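Reviewing the structure listed below.
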Amino acid sequence: MTMKEVAKKDEAPPEKGAEAVGVPWKSMSLGQKFGYMARNVTVEPMVACYIMPSVLAALATQNLNLEKACRVNLAYPDDVCTALAARNTSAFHEEELAVQKLVAGMQSWKTALQSGLPAVLILFIGAWSDRTGLRKPCMLVPIVGEFLTSISLIICTYWFYELPMEAAGASEALWPALTGGWFAMFMGIFSYIGDVTTVESRTLRIGAVNVFVSLGIPIGMALSGVLYVKIGFYGVFAISTVCYVLSFVYGVVCIKEVPRPPSTSANLQEKKPQPKPTIFASVADFFALRHISETFKVAFKKGANNRQQRVAVLMVIVMVVIGPMHGEMAVMYLFTRYRFNWNEVQFSMFSTYSMLTNLAGTMVSIGVFSHLLKIDDALVGVMSCMSKILASFVYAFASTDWMIYLAPLVEIVNGTSFIAMRSIASKLVPTDELGKVNSLFGVCEALMPLVYGPMYSSVYAATMNTLPGAFFLLGGGLTIPAVILFLWLYTEHRADRKRVEEEKKQDLEKPSEGSEAPRGLDNGAFETERM
């Protein structure tokens, strides 16, 4: 079998469904669109099997850190640590405070390790992915990293008293950092979706991936507390390990690489056969600094419709939208444990409820706002950010269980800001530049835990005795710039639509003697949404 045949065998098939028989995407009903998506499922099951075990193990990992901090690092008596684990903290308030401060302190350097290295690696990964046209390695390698993390945590559990809390923290952060983690995974996923979808269907496909992520998270959260109580550390980490294996196998077998553009293939055929580079040469080329400069040049190059400014604005939106999420994740369990005296099961049930509420809001936003009402992606982002800002007050001042359960309803459409900015970004650039642009977005995401994680941990530690939920108010205030920037993008989109209508009007007024096709926006990869 020739190399050409091998490549053809592993190529991603074209999208199937109504469009394949000539029915335009915009002419499909909502049911036809969901049927179309079901027939074109690609990365979604792999994403769910990657996200679910990661969330499933998160609660057990936090408890492992708390247990090691109490029993190993601080060397408290077993009866004290057992009482703290059972949430009988009335007689051990000082001990609980010391344990939480020790864990919160470790969170700072663990976040730096878990996010700093991927922030650098993802620039090289995105450039390499665009050069080679390969997206699967960007999705598969992070799965290997999470698999190694699960194995390492099992080892830390086996040698519980021999290995301190810092060993578990390093195991949790090191392997994902070396393999790119969630940042490389999502960069590969959204670049792949940009390759295999049409511009018109991209918003819904990105929404579908977000739905699978939203499904994986509540399932993992719902099971995390119950499984931890029933089967302990070994059982939870073993289940996570098996899920990562299944996700990896699905990715290898079921996901096909997208064929390279014809022009690129032709150029490769015209070139004379080149000797196979050595491993050292391949590694040196992968980490060549020129690829970083190329990434920034491509992402920020000037283009039609204020492309340069829009990419910069989207990068700022990524930072102010993703940042509070990472900050809250770092201290949310500690907050509910201290403020409401919750145990693992209570926290997992609330987290499940919160994510299911978010999932319902996401589906309504995609189905109603985007599909039926044709609301612009930027306006959807505005509504999402406003719900986040309002909910921050409910979270911050909640004093009873029912009050904090009200907060997810207030921010029910918060998750759609992620879909909105990804959709806008994917329509700004052609597919052969998606890897570089998505890698820059990944850098922004990777850097945010470095900023927001320590910031939220510091604010939480400083306000535990006065207003434990003060970090929510901080997040709400830092989300305000996203509202302003989404509104600016909306004004840009309105100007685009007006320009397109004027061009169409001019084309209709021209003599019909020519056969010139109607002209749209100069950037063919960009499609504006009608409101």
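Glycine is no exception: its Cβ is also placed from the backbone N, Cα and C atoms.
Keep in mind that TrEMBL annotations are predicted by a computer and have not been checked by a curator.
Sequence annotations record features per position, and here TrEMBL assigns compositional bias 'Basic and acidic residues' to 1-18, 499-513. Positions annotated as region 'Disordered' by TrEMBL: 1-20, 499-531. According to TrEMBL, the feature transmembrane segment maps to 140-161, 173-194, 206-227, 233-255, 311-335, 355-373, 378-398, 404-425, 437-457, 469-490.
With a cut-off of 8 Å on Cβ pairs spaced 6 or more residues apart, the transmembrane segment (378-398) and the transmembrane segment (469-490) reach 3 or more such pairs and are scored as touching. Touching of the transmembrane segment (173-194) and the transmembrane segment (437-457) is concluded from the presence of at least three CB pairs under 8 A, sequence neighbours closer than 6 excluded. Relative to the transmembrane segment (437-457), the listed stretch 311-335 leads the set 140-161, 233-255, 311-335, 355-373, 404-425 in CB pairs under 8 A. Among residues of the same chain six or more beyond the transmembrane segment (469-490), those with a C-beta under 8 A of the stretch's C-beta atoms are 310, 313-314, 316-317, 320-321, 323-324, 327-328, 331, 335, 339, 376, 378-379, 381-382, 385-386, 388-393, 395-398, 417, 420, 424, 455-456, 459-460, 463. Proximity of distant same-chain residues to the transmembrane segment (404-425), defined by a Cβ-Cβ separation under 8 Å and at least 6 residues beyond the stretch ends, is recorded for 190, 202-203, 206-207, 210, 214, 310-311, 314, 317-318, 321-322, 336, 340, 350, 353-354, 357-362, 364-366, 369, 377-378, 380-381, 383-385, 387-388, 390-391, 394-395, 398, 437-438, 441, 482, 486, 489. Nonlocal intrachain contacts for the transmembrane segment (311-335), taken as residues 6+ away from its ends with a CB within less than 8 angstroms of a stretch CB, comprise 59, 62, 100, 103-104, 107, 111, 299-300, 347, 381, 385, 388, 417-418, 421, 424-425, 428-429, 437, 440-441, 444-445, 447-449, 451-453, 455-457, 460, 468-469, 471-472, 474-476, 478-479, 481-482, 485-486, 488-489.
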